């Protein structure tokens with residue numbers, strides 16, 4: 001009998017790399033399933049309470065000045081569809097060893113688990129816990145943004161499935177964080193140190209605008225990110241103009257912030273395109 005030669009160092013490295021890639025792909029897939037189940041619980045399936053009604057309605061569209069109107073939340077269906085497409089995309093043979101997938105896979109998986117954890121914490125009425133979870137989600141998505149913004153997508157499909165999905169995800173979460181924190185503070189009895197609620201809401205929206213512009217510059221004018229932020233802000237404008245609690249200053253501030261963020265992204269993107277010519 002002939003002895004089987006042990007694998008060379010290169011062969012052993014390749015085997016370990018393939019195994020690591022497979023674990024990442026499986027982790028992303030499992031996380032997507034958990035995320036989808038969590039989202040279904042969040043809309044009332046499986047006996048769950050719809051998010052707008054959970055925690056005593058603290059996250060309803062009329063709960064705080066920073067709560068977007070109800071139609072704003074339809075963006076989640078687009079984000080979840082994008083995450084499903086991302087999961088399928090990363091299983092393609094051409095993507096298994098893709099450096100972008102290796103850089104993003106575990107982060108995206110973590111974000112989907114945090115998404116499910118946020119839904120469950122709200123279902124349980126743990127608003128303060130939900131704030132911690134959504135802040136962790138925001139940080140996770142910012143890390144992903146910093147990673148994928150350093151490289152260009154290999155195709156327009158990847159640009160849509162990866163960059164587009166994660167941009168929408170981060171942009172919407174950036175607005176949702178504000179609404180979540182406002183809801184938790186209101187539920188805890190925070191009095192705003194005697195300042196009018198409009199002062200706080202306008203101040204927060206100024207910060208959102210600054211952050212949105214900074215992300216537009218850092219991300220070279222990625223439109224999906226800016227569009228999601230503008231979407232959330234626009235629906236805050238609608239909510240404060242047509243539903244209680246009405247607030248003209250908040251509505252105007254949100255509209256201006258949306259225009260500034262979207263305008264900054266378009267300007268930066270246009271300059272980048274012209275520079276490449």
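Using N, Cα and C of the backbone, Cβ positions are placed for all residues, glycine too.
Nobody curates TrEMBL annotations by hand; they come from automatic prediction.
Taken from TrEMBL, the feature transmembrane segment applies to 26-52 (among others). Tertiary neighbourhood of the transmembrane segment (26-52): same-chain residues 59-61, 70, 73, 76, 80, 83-84, 86-87, 90-91, 105-106, 108-110, 112-113, 115-120, 122-123, selected by CB-CB distance under 8 Å and a gap of 6+ residues from either end.
Taken from TrEMBL, the feature transmembrane segment applies to 72-92 (among others).
Summarising the annotation, TrEMBL assigns transmembrane segment to 104-120 (among others). Same-chain residues lying 6+ beyond the ends of the transmembrane segment (104-120) with a Cβ under 8 Å from its Cβ atoms: 24-25, 27-28, 30-32, 34-35, 37-39, 41-42, 48, 51, 83, 86, 90, 130, 133-134, 136-137, 140-141, 143-144, 147-148, 162, 166, 169.
Taken from TrEMBL, the feature transmembrane segment applies to 126-146 (among others).
Residues annotated as transmembrane segment in TrEMBL: 166-187 (among others).
TrEMBL lists 199-217 (among others) with the feature transmembrane segment. For the transmembrane segment (199-217), the residues of the chain that approach it from at least six positions outside its boundaries are 65-66, 145, 170-171, 174-175, 178, 182, 192, 225-226, 229-230, 233, 236, 247, 249-250, 253-254, 256-257, 260-261, 264-265, 268, judged by C-beta separation under 8 angstroms.
Residues annotated as transmembrane segment in TrEMBL: 224-242 (among others). Tertiary proximity for the transmembrane segment (224-242) is limited to same-chain residues at least six positions away from its ends with a CB under 8 Å from its CB atoms, namely 61-62, 65-69, 71-72, 75, 145, 163-165, 167-172, 174-176, 205, 208, 212, 215-216, 248, 250-252, 254-255, 257-259, 261-262, 264-266.
Taken from TrEMBL, the feature transmembrane segment covers 248-268 (among others). Sequence-distant contacts of the transmembrane segment (248-268) (same chain, at least 6 residues past either end, Cβ-Cβ under 8 Å): 65-66, 198, 201-202, 205-206, 208-209, 212-213, 216-217, 220-223, 225-227, 229-231, 233-234, 236-238, 240-241.
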Six or more residues beyond either end and a Cβ under 8 Å away: which residues meet both conditions relative to the transmembrane segment (72-92)? 24-25, 28-29, 32, 35-36, 39, 51, 61, 101, 105, 108, 112, 157-158, 161-162, 164-166, 168-169, 172, 228, 231-232, 234-236, 239
